Amino acid sequence: MLPLPLIDTHTHFDVPEFDHDRLVLAKLARQCGVQALVLIGFLAERFDTLVQVQQQINQAAEHPQALLAPGLHPFYIDQHTTEHLLQLEQLLKSQQVVAIGEIGLDTFTKDMKQAKVFARQQKFFSAQLELAHQYNLPVLLHIRRAHAETLNILKKHRFKQGGIAHAFGGGIQEAKAFIQMGFKLGVTGQVTNPNAKRLHQVIETVGADHLVLETDCPDMTPLCCQQSHEHRTRNTPANLPFVLDSLASYLQQEKQALARQIWQNTCDALNLDWSYPHVTAI
Ligand SMILES: [Zn+2]
């Protein structure tokens, strides 16, 4: 069967782990159907690299189209400064950017939960929502154990640009609330794990209309691609079709139709006016 056209909505393909073979993997991903991938920001000090990697990929002979989504990640909150917000805005002005990401709230660890740290996360999240509003861009959300608080801030801002709740880990009610706010839910290789019951329930309840795919590479390697239990296997954009396969089986849907629906969802979330490509061998 010919590869189905897909878009990887969340990658950290710019990180040094890919420096030695990025273009080989980009070509492989393209051959596997990945027509575009989003390069996600997390630290201002990496913005230049993010742009360079985008150019590196887009200048290669056979490649998925690389799109930019710079932002300041909540997990690295102690490293962000107001100067970095200005650098982000500079990037929004100088580059073609599809979204601001990844931004949001993270209270996964005890440290991240501390009142002072959490208040700072909220401040940077709000500031980036303001930028998204100002530049009319969607946002790519990172949320861990802070779904209610994230929704509150989005509501407070009357945020209308939507985007993607990446690697969605919330429950059914939270999923519905994000969808109501105009967001799609990002599905990673976690879906391939038979023990991810809560995720499977969310997926089956909300259905294909509200989902997009992502690898979140180099993390979240699909179970089938993991080579060992002891060592983490590096995830790559070429593994995205495995996420589609698994999603199709949980939704009990035919893959071709699902890929087409997901393509449309992704274009809606990122304001891309791309029609679904003809399925052809390259
Ligand atoms: Zn990420």
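Every residue, even glycine, has its Cβ placed from backbone N, Cα and C.
Since we're looking at a predicted model, the values are computed, not measured.
Features as listed in TrEMBL:
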type: BINDING; residues: H10, H12, E102, D216; note: divalent metal cation 1 binding site
type: BINDING; residues: H142, H166; note: divalent metal cation 2 binding site
Can you see whether DSSP assigns D216 (divalent metal cation 1 binding site) to helix, strand or coil?
coil
Just counting, how many other CB atoms are there within 10 A of the CB of D216 (divalent metal cation 1 binding site)?
23
Going by a 10 angstroms cut-off between Cβ atoms, which of the binding-site residues H10, H12 has the sparsest surroundings?
H12
In three-state terms from DSSP, label H12 (divalent metal cation 1 binding site) for me.
coil
Alpha-carbon spacing, E102 (divalent metal cation 1 binding site) to H166 (divalent metal cation 2 binding site), which is rounded to whole Å:
8
What three-state class does DSSP give H142 (divalent metal cation 2 binding site)?
strand
With every protein chain in view, how many other Cβ atoms are within 10 Å of the Cβ of H166 (divalent metal cation 2 binding site)?
27
I'm trying to understand the geometry here, so how far is the Cα atom of D216 (divalent metal cation 1 binding site) from the Cα atom of H142 (divalent metal cation 2 binding site), in Å to the nearest whole number?
11
Inside 8 A of the center formed by the CB atoms of H10, H12, E102, D216, which other residues of the chain have their CB, for the recorded divalent metal cation 1 site?
T11, I40, G101, L140, H142, H166, A167, E214, C217, D219
Under 8 Å by Cβ from H142 (divalent metal cation 2 binding site), counting only residues of that chain that are 6 or more apart:
H73, P74, F75, G101, E102, I103, G104, L105, D106, H166, A167
